[in-house]
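Student: Take this structure first; my questions come after.
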Amino acid sequence: FPPAVFPLSCAVQNYSWGKVGLESEVAKLVASGDPLVQIQPDQPYAELWMGTHPRGDALIRDNRIPQKTLGQWVADNPACLGAKVKDAFQGHLPFLFKVLSVNTALSVQAHPNKELAAKLHAQFPEHYPDANHKPEMAIALTPFEGMCGFRPVEEIVSFLQNVPELRALIGEVAAEQLERSGSDDPRGVSAALRVCFTRLMKSEKKFFVDQLNMLVKRISQEAAQGKDTSGSNGDLLLRLHSQYPGDIGCFTIYFLNLVRLEPGEAMFLGANEPHAYLHGDCVEIMACSDNTVRAGLTPKFIDVLTLCEMLNYTPAPSSSKIFPAAQSQLDPHVYLYDPPVPDFTIMRIEIPASIKLYLISAVDSASIVLVIQGTAVGTSTAAASEMSLQRGSVLFISANESISLHLSSPDGMLLFRACCLL
């Protein structure tokens, strides 16, 4: 039998928003996973892609395997996915696993559901390259900040009253409609919110740049005088404006929740949920799709009309955006992040220093394991030889195969495992 468990060498994406050099968790993982890699100190290391995406197909680090990449190997050995996964996802690995190191904000965006994705792909294939949905989940590796979902209405109303520049962009009629909308009528609230956000996003370029400049000038002066600018979300405004001057996305901070994750905490981004990552390092998993509808904090193609149409305008507190992990009933060292979509699940595996032999158990799905800390030697009946694992190592495990870890680190191990539990 050909080996069904093997190490991978994964693709790095050097997007401009990434952390630079060894500030980046991506760069640190790559450097410790492969000592031969030279990290460029002035280059951004934004994303590590662990999967079969054609723009970053992982290389197989086992010269006994004739296929060079994981994508080729899965295509030639689709049974490695597991019978259910193979049938449900037409012989493709259904997820892309990543590490992100975010230095400056990513665009304000949302991902379409399957129905909208099919429509957008048919109409504008150059901007929407496939017909799939793209739910995502991010789990913090370091303190992580992002915006996600609409704030409770009372917070937005408070900003409308404290930030005259915002109110000017939205207009008095729409602002009053939101102020008057009562919590007893959630559809009325969502309708008013939709009008306000759409008015903001569709405002005339010259008008919103003038208002933004006035706002930035006012906040800067207040901050210089030692005043509290939190009623205008001043710190975040100045930070985003310094990254993307004159960008409409700067105003979205008054509508979207600021979510702060501690390491191990997660957020799940379902279809039509507006979001933007702001700063920090995370592991991320997503369905296999490149469909992103953007509307600000970006030099890329923006599609304001589609975004404003598709969004979920249900207000909710930021605390509700933190997605809980459940400790496994079968193994107390495993914490499951199992979102309400079939495409993916992540396991966080924390092995204490007291354990010297640990079994990564078999599941009925192909999986990809990333080592965040610790060292071990891995053995498997499905591997060609033993594998030395350290921080930054990435392994592919075929469905229904297991690996024994012989731990050698004094401080235990932390691993993340991506799979598909149908």
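Cβ atoms are placed via backbone N, Cα and C, with glycine included.
Quick paste from TrEMBL:
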- 5-153: domain 'Phosphomannose isomerase type I catalytic' (DOMAIN)
- Gln109, His111, Glu136, His275: Zn(2+) binding site (BINDING)
- 169-256: domain 'Phosphomannose isomerase type I helical insertion' (DOMAIN)
- Arg294: active site (ACT_SITE)
- 336-376: domain 'Phosphomannose isomerase type I C-terminal' (DOMAIN)
Student: If one looks at the chain holding His111 (Zn(2+) binding site), which residues at least 6 apart in sequence have a CB under 8 angstroms from its CB?
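Tutor: Correct list: His133, Lys134, Pro135, Glu136, Leu269, Ala271, Asn272, Glu273, Ser289, Asn291, Thr292, Val293.
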Student: Taking a Cβ cut-off under 8 Å, which residues six or more beyond the ends of the domain 'Phosphomannose isomerase type I C-terminal' (336-376) line up next to it in the same chain?
Tutor: 8, 29, 33, 50-51, 74, 80-85, 88-89, 93-95, 97, 99, 133, 135, 137, 139, 141, 264, 266, 268, 270, 283, 285-288, 323, 325-328, 330, 388-422
Student: Just the number: how many Å between the Cα atoms of Arg294 (active site) and Gln109 (Zn(2+) binding site)?
Tutor: 4
Student: Which chain-mates of His275 (Zn(2+) binding site) that are at least 6 residues away have a CB under 8 A from its CB, listed by sequence?
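Tutor: His275 (Zn(2+) binding site) has long-range Cβ partners Val108, Gln109, Ala110, Gly146, Met147, Cys148, Gly149, Leu256, Met267, Leu269.
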Student: Run through the Cβ atoms and count how many others sit within 10 Å of the one on Glu136 (Zn(2+) binding site).
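Tutor: Counting Cβ neighbours of Glu136 (Zn(2+) binding site) within 10 Å gives 23.
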Student: Counting every protein chain present, what is the number of Cβ atoms, excluding its own, within 10 Å of the Cβ of Gln109 (Zn(2+) binding site)?
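Tutor: Taking all protein chains shown, Gln109 (Zn(2+) binding site) has 24 Cβ neighbours within 10 Å.
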